[in-house]
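For reference, TrEMBL has these:
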ACT_SITE  H220  active site, proton donor/acceptor
ACT_SITE  C247  active site, nucleophile
COMPBIAS  54-75  compositional bias 'Low complexity'
COMPBIAS  89-104  compositional bias 'Basic and acidic residues'
COMPBIAS  109-123  compositional bias 'Gly residues'
DOMAIN    150-271  domain 'L,D-TPase catalytic'
REGION    54-146  region 'Disordered'
TRANSMEM  20-42  transmembrane segment
Amino acid sequence: MSTEGHSGSDMQLVYRRRRITVLVAAIVAVVLSVTMLCVQTVTALDAIARLQGRSGEGSQSASSASFPASRTSRSGGADGTGGASPSRRASDDSDRQAADKKAAQDGSGDAGGQGSADPGNGGQNAQAAAVDWRSPSGGTQPDLSTLDDLSVTVSIADQRVAVLSGGRTVYTMIASTGMDGTTPTGDFVIGARGDHFYNPTEGMGADYWVAFLGTTYLFHSVPTYENMGDYIEKEALKLGRPASHGCVRLTVADAQWLYGQLPEGTPVHIG
């Protein structure tokens with residue numbers, strides 16, 4: 001009786017231990033499953049948050065992007081601010097194209113008109129109108145080779161460029177100087193020149209550029225795309241009001257005329 005009683009008790013103890021082991025194993029399995037589910041949930045939420053963050057950063061970058069400072073020129077002149085190559089200024093800008101496009105549509109700014117105008121009073125009173133940016137803006141262009149004592153004045157206030165002989169104005173052009181006062185003021189002289197340049201980084205260039213000696217600023221045509229003569233019309237329509245990053249934009253015909261006739265060393269006053 002004693003042996004059988006002990007055997008029965010031992011078997012019950014073994015069964016209980018097995019049940020406890022199975023129960024513990026089940027609890028551990030449930031805990032592990034819940035833990036894995038929590039980890040997967042946290043990982044998924046983190047991935048979603050990162051994707052949303054990248055999307056927000058991309059939108060901010062797209063809205064605040066601006067043109068880089070340096071540009072290269074096929075002709076080897078100089079342009080822009082801070083010592084960049086000719087393409088810097090002459091390919092000019094476009095970080096404000098959306099606002100400027102609306103302004104152009106609304107007719108804001110001083111677009112000027114055709115014909116000769118004195119830089120001292122012509123631009124301020126001109127009504128905003130589309131300028132024929134391909135043609136001479138000051139009437140008949142004189143042959144500068146027949147004139148002496150040449151000089152050039154740039155009126156930032158009136159957006160006009162005047163060519164003088166012996167202090168007398170012989171031709172006045174509609175122009176676009178730099179936005180936000182970026183065109184330098186003072187006295188300069190005419191230096192190097194080139195027929196075209198293009199900056200692939202910014203997708204803009206210009207034709208018939210003439211540099212101010214010792215600076216990175218230019219006279220040049222309205223902006224172009226990659227090829228010479230392929231003009232960017234929405235930029236050309238800004239002629240007559242500040243639109244560049246410091247260079248002086250002219251109609252195609254006026255820029256070509258200066259490029260072909262204005263002698264190196266001619267004094268230029270900007271004010």
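Residue numbering: from 1, along the chain as shown.
For all residues, glycine too, the Cβ spot is worked out from N, Cα and C.
What TrEMBL says about a protein is an automatic prediction, not a curated fact.
Tertiary neighbourhood of the transmembrane segment (20-42): none, as no same-chain residue meets a CB-CB distance under 8 Å with a gap of 6+ residues from either end.
Here the domain 'L,D-TPase catalytic' (150-271) has, by DSSP, the following mix of helix, strand and coil residues: 17 helix, 60 strand, 45 coil.
Of the recorded residues, the residue listed as 'active site, proton donor/acceptor' and C247 (active site, nucleophile) place their C-alpha atoms 8 Å from one another.
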